[in-house]
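S.K.: Dropping the structure in here first, questions after.
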Amino acid sequence: MALRPNTTELIARARADLRMGVPVVLQSADRLALILAAETLSAARLADVRALGGKPVLAVTARRAETLKAQVYDGDLARIVLPKDAGISWIQALADPADDLRMPMKGPFECDRGGDVASHRAAINLTKAARLLPAALVLELSDLSQVTDLTTVPLAEACSGFHDTSPLHSVISARLPLEVSEAGRLHVFRPEDGAEEHYAVEIGQPPRDVPVLSRLHSACFTGDLLGSLKCDCGPQLRGALRQMGEEGAGVLLYLNQEGRGIGLANKMRAYALQDQGFDTVEANHRLGFEDDERDFRIGAEILKTLGFLSVRLMTNNPKKVAMMEHTGIVVTERVPLKVGENIHNKAYLATKARKSGHLL
Ligand SMILES: Nc1nc2c(ncn2[C@@H]2O[C@H](COP(=O)(O)OP(=O)(O)OP(=O)(O)O)[C@@H](O)[C@H]2O)c(=O)[nH]1
Ligand SMILES: [Zn+2]
């Protein structure tokens, strides 16, 4: 039918619905599943789900299951069966580690085993893409007439790692004189899937046929804007731009992947856990995330769109270098960017070096 949304657009709708607490349907040839994000679940919607009958389960990542001591039978996720009397506070306490230390023993849990987990995996992927806690209520449906007017997404597409690989389109670029260089220019890129835009700051007019001084910077509202001392992002951002200004040429990609791709709300949840004594990696795991949920391919794609094929990359993160080379951008040099260490972020930087392979 003309004007009908395609799968990418349906997935964008699904993300928005989940953020609002609206259920979404995942559909394949032989299955139907209703999903809701645990974080935005309301008591009224939970009652509606219960009224449909069947056996709702809470899908959580294996990382979260490890903290909950829930049995993981499905590799990267666990399916916790909802007890008959479980309300939203029970569900949210499973999804959110804020009170784990106060109430350590939430189980024992009955976990599903065997059968198909594609809808559960897709549900978790969608909650991550919506920058919510990675936990979802999943109910198998017998037919679509049980629910009406819900966004319905083909399961196969919702399953694949879709959220950070959508094609990016250049929207506009304009001159932007900066403190570090009057010859600044800002380019805006927009992904087809309605997710967040990313930016490139070009300093001077770097020739396209020699390696360009370049930085892939992930958004950090707290560090970049507020001057937070918990990380080194602000000094790295300004240090990279300064060096580009001094050399007269460079390109800084500002990627909207706040909190290593988990979003600001989840990063603040991680900070609250860090105040309970967990380090940056443990905090991500307790929330149910991997240490780093970013997809750096976006950066490589923007560089290629701008015509760059080789870079002198300003980073201490060897994974950024490896990813660049993997996507065909030559890294002729890694330029260390060691600025902004202080008493508040010393342990954070040491953890990144010890656990995430950052170079000191
Ligand atoms: N989840 C989480 N994210 C954090 C924390 N501290 C900082 N961040 C985020 O981490 C990202 C830092 O990214 P970058 O500085 O680009 O990357 P990096 O991996 O440290 O590598 P280089 O700086 O290039 O050496 C930003 O998105 C921050 O918001 C934290 O404790 N937890
Ligand atoms: Zn930061």
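Backbone N, Cα and C define each Cβ position, glycine as well.
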S.K.: Among Q146, Q236, which residue does TrEMBL annotate as binding GTP at the site that also has R215, L216, H217, S218, A219, E258, G259, R260, T280, T315, K320?
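M.R.: Among Q146, Q236, only Q236 appears alongside R215, L216, H217, S218, A219, E258, G259, R260, T280, T315, K320 as GTP-binding in TrEMBL.
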S.K.: With an 8 Å cut-off on Cβ-Cβ distance and a minimum sequence separation of at least 6, pull the same-chain contacts of R215 (GTP binding site), or say none.
M.R.: Q236, A240, M244, G250, V251, L252, L253, L313, M314, T315, L337
S.K.: Look up R215 (GTP binding site) in the DSSP assignment and report helix, strand or coil.
M.R.: strand
S.K.: Can you check which residues sit near D292 (active site, proton acceptor), meaning Cβ under 8 Å from its Cβ, same chain, 6 or more apart in sequence, and list them in order?
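M.R.: Residues satisfying the criterion: R260, G261, N284, K319, S356.
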S.K.: Report the residues of the chain - excluding C220, C231, C233 - with C-beta within 8 Å of the mean position of the site's C-beta atoms, for the recorded Zn(2+) site, in sequence order.
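M.R.: Result: S218, T222, G223, D224, S228, K230, D232, G234, Q236, L237.
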S.K.: Pop the Cα-Cα gap between H217 (GTP binding site) and C233 (Zn(2+) binding site) into the table, whole Å please.
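M.R.: Cα-Cα, rounded: 8 Å.
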S.K.: Taking only same-chain residues 6+ apart in sequence, whose CB is under 8 Å from that of C220 (Zn(2+) binding site), what do you get?
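M.R.: Sequence-distant Cβ neighbours: S228, C231, C233, G234, L237, E258, G259.
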